[in-house]
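Visitor: Pasting a structure here, questions to come.
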């Protein structure tokens, strides 16, 4: 291998040195050429009339030496000696401006102010020579807020002879989105001045897009600092279900999580379900709510907020849409809306330069508006943003020392990337306030307002440069809270299961067990004395059924208070639920069914007896028990279907929250377990609905048999009291079933009512009968108002109503004998007439018999009314319904007896015939009375025995009187 020439290394070093020197001289020369253009000498005369702007711009510098690294400060001075640049040395570069000067509805007045602002900015950029060696020219066109027209205008400018470096616009979001999708294919940077759509924040879809109008997401930093300022760690969001409002919230949630603020829930709503979603939001119990929705529906939402009482303890943070939403249609009064929106916080862009310094051009907003020479009402809110967008483009184009702008090509991606980097790092104070970009979005200052007494008042300004909140600005007011206490973001929820206290449960269970014990005592007594006439009249078998029903009801009361939390298995819990229902229903069916069955038998007895139908028309105990079992079987079938089709399950209900005012951050949530299914009211209606029909039928039969005065036989009065108690208990139980707030009180009310009604029925059923048994009172004698003293029956009461009652009872007994007596009297009259016809005139066929020979009982009939005639006249004939009929029957009866006994003297010679007649009269009641009353109960036998005795005494008395 040959060695290198000894001068080869020196020659290479020489050539390299020459190349480096040449490059350095070239760059230095170019820098000197650019410095020629960076002077104000050409435009000083034009700015001398604008003293403020002129003096400020003289001090502007673009060397990046400021402390805040936000604006460019230079020391341009009039003493700088720079050669004048000839116009032919200045090259023109073009930017395309797309504005909304008109829409499909007509001319857009605000569009003119946006165009004039952009032209003014271009004029200032060219005057200040911001882009050295170049003059900026704006090509203007109208998109009519139509994406198709906007794309057409872009391509028209693209294929012209003028090279478009950047695009300004547009102010319509839908047009901007279409343009932002197309421009990357031509490597053209786009700066919008009025599009706030959240879609445009997506850097992957719109990589070359920037905007000077702050979107909703630009206030995220201000919201986060505001939330952390008051120590809130938890928030919730409430947004409309449209991407325009959802996307800013999604970005905010990400920023909140990065700032260690938890978002408990994101609730979205539409116009159809916002009320339901508000209720769901209230159930979350998160008090700091960030809203994102249209200002058009704001009154409706806050009217619902007022109705739900989400007022003073809630903090609403919204985006200020700058709409006159107060006068929009609403569902409540102005006062209600004012009360609901009181304390609400509104975030919006802060376009005021006060406190931020002077704009980069030295202009202030007032001078800017005067320069436009347009009415303030016609100036667009985005006019200043349009001005700042032009300055952002100019400052980006300025910092390209090594690139000739006239050499820009649509395929030059590297240059566009450099411009993007430069625009990302821009920081300057524009007419709309401090401006910097985060991604493609403008990050500016935010102003926070609070609604106080129906008016929006400034409370703080967020400085996007220093990331601080200023609550001490000139226009700021103090924040107002209810009771001067900052609301808590979320209360600590402590859940407790509400159960029946053990002491109360044991008390109720003890009372129920006592009731069961009393029921067994009555059952034993009923079985032991079942053959005694007093209990036999009251149907002992049916009484046993009633006692069993009462025992079942007492057992259901015990199950009603069992602590459900001790039953972990859902299967056992469901069984317990059905046991409670079936025991109560079956107990009711047995208890009231037995009482109604007895009343029904009494009703049938007196109905068919009065109609003359006695044999085989009475109900036996077995038949009545079968009748009672029918509701019991129906209950079993309904409960079985309930278990199969819709079984009851464990359901937990939240009761009213209990707030501990000593600890504002703690709230106690009481819960209660209950048995529930999909159609619980329907099943209860099916189970207990038909029982109301049974109650009505029972009350009707009790009313029909109310005149039966034998207490041991008729329970109609007691049934009425029991039915009243049952109805009252049912109303109380149903009423308290819908009051879930007071579990213990509801349990007490239900238990007491059921125990009272059951015990009342049990005592009314047995105590009167036990009194008759142990006091040895004859029910028939008691029913007739008689008292036995020394074997002599006398009337006890002098009460006219009792007198009438006794007459009615006697009338019922006598009426049954009249028909038989009529037949017997007719037969005897026929017999006497036949004997008189065969006797001789003037003589008598019968021997005379003295009155002393006739059997005569001087003892008066104690069962007959012995009241004085004057007492009878004192009564009104309308006192009772059977009065006329009774008097008529008595007259008929005694008239026939008188007619019969007038000719009795003719029988004196035939004493045997007289004896026959007396015996015949005494035997007028059929001897085989046992056969006639074979189907009757003991009471019927007693009635017939009393009737027979009365007939014998009556015949003797009539003979003695004769």
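Cβ coordinates are placed from backbone N, Cα and C, and glycine is handled just like the others.
Sharing the record's features from TrEMBL:
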- 577-776: domain 'G-protein coupled receptors family 3 profile' (DOMAIN)
- 503-529: transmembrane segment (TRANSMEM)
- 541-562: transmembrane segment (TRANSMEM)
- 582-603: transmembrane segment (TRANSMEM)
- 624-645: transmembrane segment (TRANSMEM)
- 683-703: transmembrane segment (TRANSMEM)
- 719-738: transmembrane segment (TRANSMEM)
- 744-767: transmembrane segment (TRANSMEM)
Visitor: Would you call the transmembrane segment (683-703) and the transmembrane segment (541-562) in contact, using three or more Cβ pairs under 8 Å, pairs 6 or more apart in sequence?
Guide: no
Visitor: What stretch, picked from 503-529, 541-562, 582-603, 719-738, 744-767, has the most CB pairs under 8 A with the transmembrane segment (624-645)?
Guide: 582-603
Visitor: Going through 582-603, 719-738, 744-767 one by one, which has the most CB pairs that fall under 8 Å from the transmembrane segment (541-562)?
Guide: 582-603
Visitor: Give the nonlocal contacts of the transmembrane segment (744-767) in its own chain as ranges (CB under 8 Å, at least six residues past its ends).
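Guide: Beyond its ends, the transmembrane segment (744-767) has Cβ neighbours at 498, 500-501, 504, 508, 511-512, 515, 518-519, 522, 525-526, 543, 546-547, 550, 553-554, 556-557, 560-561, 584, 587, 591-592, 595, 715, 718, 721-722, 725-726, 728-729, 732-733, 736-737.
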Visitor: Roughly where does the domain 'G-protein coupled receptors family 3 profile' (577-776) sit in mean pLDDT, to the nearest integer?
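Guide: Summarising the domain 'G-protein coupled receptors family 3 profile' (577-776) by its mean pLDDT gives 77.
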